[in-house]
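J.: So TrEMBL has the following annotated:
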- C:67-257: domain 'ABC transmembrane type-1' (DOMAIN)
- C:12-35: transmembrane segment (TRANSMEM)
- C:73-93: transmembrane segment (TRANSMEM)
- C:105-127: transmembrane segment (TRANSMEM)
- C:133-154: transmembrane segment (TRANSMEM)
- C:183-204: transmembrane segment (TRANSMEM)
- C:234-257: transmembrane segment (TRANSMEM)
């Protein structure tokens with residue numbers, strides 16, 4: 001029989017002194033964190049501070065730079081390069097919207113309609129990553145070449161007339177126009193949109209579609225009221241993963257664009273690596289960082305609340 | 001009763017566990033005799049799993065000591081205790097096959113030739129054919145048996161089972177209950193079984209401890225708990241009880257006479273766990289299947305010396321072996337009665353006036369200071 | 001109208017496949033043009049079929065050297081980022097400690113920062129310290145931006161791991177070290193592998209950060225960038241095609257092996 005006694009403990013043989021509970025390994029997490037965090041502090045956070053200080057320095061390459069709290073650099077940089085800033089936001093925004101419009105059907109296809117082809121399509125989405133993106137971007141020079149089949153088709157359909165009127169293309173050319181740059185940006189960052197979209201779509205229970213259909217929702221209504229709201233996390237992270245790198249990119253503008261399509265990345269790169277005007281370059285880079293952080297924060301807040309609606 | 005040989009008993013003395021200001025287990029003394037099948041029964045959050053984890057060494061007690069036989073193990077890490085656990089949802093290693101899962105404990109203790117032992121153990125749980133499969137390729141019932149084999153192969157002093165059948169469907173659960181009982185009889189190891197399913201606890205265990213809000217409410221054999229509940233929680237959590245608020249009228253010999261709703265009820269003093277001063281309140285209980293039901297017209301045919309209550313049938317539901325009635329009566333608004341379907345009286349339909357009667361020996365008395373509905377909702381939730 | 005109905009039902013599929021072809025078109029062009037024999041210095045227009053480039057992939061000065069340099073950097077960056085990132089991920093999931101929030105943002109920020117900003121600020125640091133730009137500065141930069149991705153991948157895996165598995169190991173006589181080696185690490189392995197693979201791909205293909213911090217050292221992406229100005233040799237397309245095919249082959253083979261194993265055991 002088992003026994004329960006509430007108060008008195010049974011008499012016991014001589015007991016070993018109760019050991020205090022040991023708190024082993026309290027420092028373990030800090031040792032695990034230390035090397036990696038040190039790396040990020042020294043090679044990510046510290047450089048930001050250096051850059052901040054460089055942006056308020058004056059001087060020259062020959063005589064060296066000194067911190068003089070010369071904030072006018074920011075003003076000068078902004079007043080000289082605001083068109084490139086604006087262009088970056090506009091191109092990156094257009095590329096992000098295009099990525100969403102193009103990427104959503106493909107992510108939806110993989111998540112719900114691909115069946116046994118799902119893995120193959122996934123591979124085909126990821127595999128291009130393994131070919132250097134510069135090589136793939138150069139391929140667009142061939143695809144959009146003057147007088148090539150793509151430009152020819154667009155010309156025949158009079159699409160180029162419309163885009164030229166809008167200022168996206170110039171005459172019979174697509175290369176070296178804003179359209180080419182946006183097309184390249186869209187292409188380069190499309191997988192960054194598709195993968196998060198797929199991840200959040202894949203989590204949706206397929207029976208929800210049937211339930212919505214059962215409750216008299218047409219397919220389009222089901223999409224608007226059920227699927228799309230549930231995929232919001234994917235939409236938010238996808239747009240961020242597309243917009244941020246696109247806004248700082250200078251490869252597409254350089255390879256597919258012209259001097260009229262220079263983005264802020266091009267300016268920073270030129271200032272840093274060719275003109276060697278470090279304060280201006282640092283100030284521009286700082287402004288870009290601040291602008292992107294502000295936009296991202298605002299966007300996350302907004303989408304966070306809209307999620308609840 | 002303490003057995004003379006205590007070398008293999010699990011003894012908890014004054015053991016408790018608090019998380020910040022929340023007390024999961026109040027200071028508790030508990031002895032599980034060697035070789036017994038012991039069940040800790042209670043709703044989720046009652047502290048039964050925490051108690052089990054303190055025996056396993058996965059949780060350190062805030063106070064008190066844990067003995068396995070003569071050895072104090074309170075602060076020993078789990079890997080140094082001769083205790084093994086069958087985890088809730090099994091926790092089989094997904095990257096190892098069944099053979100390696102079962103061999104895991106032997107290998108960690110430096111045993112080189114494990115093949116024979118593992119094969120024997122897999123045969124015991126009837127999984128010899130599946131040795132090279134991965135856990136996810138097995139059915140729920142098979143995974144459950146692997147978890148038992150993986151623990152038992154180490155010949156622990158105690159086998160702890162944390163809701164081991166919770167993930168199985170009803171039919172498989174019944175089958176595994178018998179299976180586990182068979183294994184326990186075969187190997188003779190002490191089993192401590194945590195469950196929220198009262199039927200499971202009563203089917204399998206020799207001794208059941210009913211836990212509620214971090215305390216043991218009552219402990220005993222399944223029949224003892226069912227027939228002699230000592231708290232309203234046990235009365236309601238284990239099966240169904242009709243509880244009547246009554247007042248002590250007089251005592252005559254070993255019997256207490258009570259007044260309830262204008263009628264008179266008799267309760268054996270030995271079956272009353274509450275103080276019984278004349279004029280004091282007592283909760284009188286009776287199980288639904290102990291009660292006989294007759295139409296009011298035949299009230300005269302009831303033998304003398306039985307407890308009687310009058311009422312009107314509010315609902316009746318036919319469920320095959322029996323019919324369950326809910327009676328609206330002055331002493332208790334929802335009096336439940338289960339009647340075996342031997343001869344069915346067609347007059348016993350909703351609206352009929354009836355008399356309920358039962359042997360006073362089946363009456364039990366509880367302290368009226370308790371919540372009369374304790375354990376009702378939890379039992380319903382767990383059943384759902 | 002059966003055709004309109006069919007179109008309606010398959011609209012998503014058609015749109016998805018169009019997007020897929022948009023994604024694959026450049027790879028097709030790269031492959032086709034690896035068999036081209038261009039007239040001038042640039043390989044942008046189709047002239048005639050030739051397998052010359054495939055027969056002599058290293059026939060361009062410095063290209064294979066830059067390729068091997070990129071592979072080395074990618075290898076060491078992967079090793080470094082995977083080790084450091086895995087340690088951080090375990091600390092974040094398994095332990096409670098002060099300043100968690102700060103640690104999390106320090107890990108998130110590099111992923112939310114335009115590359116050009118990180119590149120420029122890191123260069124400022126190296127210039128201020130008077131560091132010699134080259135192999136080591138590239139490696140440092142690559143480990144830095146790969147780290148966060150490893151942390152994210154490993155963290156997801158470790159978080160989804162049932163804590164009862166480690167408790168079960170302890171219950172079965174495995175001490176802390178044994179538990180880590182025999183249970184935790186094998187189960188976390190897919191997450192670590194995913195982080196490592198991502199690191200390798202990111203490092204190997206990185207251009208912007210490398211361009212700022214490489215000095216006169218030339219990695220493969222930098223070679224391609226330079227050739228876009230000087231003239232693009234067909235061999236670039238050969239390398240690009242080979243990498244694409246190798247990747248697809250690698251994935252297909254590993255999937256086939258996985259399927260086979262699954263079927264044998266079932």
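Each residue, glycine too, has its Cβ placed from N, Cα and C.
Bear in mind that the values here come from a model prediction, so they are computed numbers and not experimental data.
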J.: Please work out whether the transmembrane segment (C:73-93) lies in contact with the transmembrane segment (C:234-257), by counting C-beta pairs under 8 angstroms that are 6 or more apart in sequence and asking whether there are at least 3.
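T.: Taking Cβ pairs at least 6 residues apart, the transmembrane segment (C:234-257) and the transmembrane segment (C:73-93) are not in contact, as fewer than 3 fall under 8 Å.
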J.: With the transmembrane segment (C:12-35) as the reference, which stretch in C:105-127, C:133-154, C:183-204, C:234-257 has the largest tally of C-beta pairs below 8 Å?
T.: C:234-257
J.: Cβ under 8 Å, sequence separation of at least 6 from the ends of the transmembrane segment (C:183-204): give me the contacting residues as numbers and ranges.
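T.: For the transmembrane segment (C:183-204), the list is 70-71, 73-75, 77-78, 81-82, 85-86, 89, 142, 145-146, 149-158, 161, 165-166, 168-169, 174, 220.
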J.: Cβ under 8 Å to the transmembrane segment (C:234-257), counting only same-chain residues 6 or more beyond its ends: which ones?
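T.: Those are 27, 30-31, 33-34, 36-38, 43, 52-54, 56-60, 63, 67, 220, 224, 227, in sequence order.
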